[in-house]
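If you look up Swiss-Prot, you'll see 1-20 marked as signal peptide, on the strength of sequence analysis. Among the features that Swiss-Prot reports, sulfocysteine is placed at CYS32, with the record citing similarity to another entry. Swiss-Prot lists LYS37, GLU76, SER139 with the feature L-thyroxine binding site. Under the heading 4-carboxyglutamate, Swiss-Prot lists GLU64.
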Amino acid sequence: MAFHSLLLLCLAGLVFLSEAGPVAHGAEDSKCPLMVKVLDSVRGSPAVNVDVKVFKKTEEQTWELFASGKTNNNGEIHELTSDDQFGEGLYKVEFDTVSYWKTFGISPFHEYADVVFTANDAGHRHYTIAAQLSPFSFSTTAVVSNPKD
């Protein structure tokens, strides 16, 4: 049983590493400063139809909804915002994990998986936030790159 779990985890990791990288900025996605990628560790596939909300921290120290979307068949969301709108600040990406797992009849431990990060404090950048989900754990990583003209 432990070997089977380890094998599934390794396979999911391979999928994560092979598909989680950003689309080459400067190609079709050059105006996409924030991209989200979600993978299902249990099934070893992209997590389709995951609701994602992006919040920005206000001067009053509250979270204001900034953008939202649902992952596509590749487990990705592009065009959440534009270069002009995505300014310096503190952002929170919220993955609605409970709704995703309940579609498969699974009652997960986490209601949401949140990633809080500071954006564009060292100049304009493009961000890919990748999340790997399972019912009782999640892992996130980010790829930060300079945009190409």
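Glycine is treated like the rest: Cβ placed from N, Cα and C.
Taking the features listed in Swiss-Prot, we show where each one sits on the structure.
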{"residue": "CYS32", "record": "sulfocysteine", "DSSP (3 states)": "coil"}
{"residue": "LYS37", "record": "L-thyroxine binding site", "DSSP (3 states)": "strand"}
{"residue": "GLU64", "record": "4-carboxyglutamate", "DSSP (3 states)": "strand"}
{"residue": "GLU76", "record": "L-thyroxine binding site", "DSSP (3 states)": "strand"}
{"residue": "SER139", "record": "L-thyroxine binding site", "DSSP (3 states)": "strand"}
Here are some recorded positions: GLU64, GLU76. Which one has the most Cβ atoms within 10 Å of its Cβ?
GLU76
What same-chain residues, at least 6 away in sequence, bring their CB to under 8 Å of the CB of SER139 (L-thyroxine binding site)?
ALA131, GLN132
How many other Cβ atoms are found within 10 Å of the Cβ atom of LYS37 (L-thyroxine binding site), counting all protein chains shown?
25
What Cα-Cα separation, expressed in whole Å, is found between CYS32 (sulfocysteine) and GLU64 (4-carboxyglutamate)?
21
Between GLU76 (L-thyroxine binding site) and GLU64 (4-carboxyglutamate), how far is it from one CA atom to the other, in Å?
22
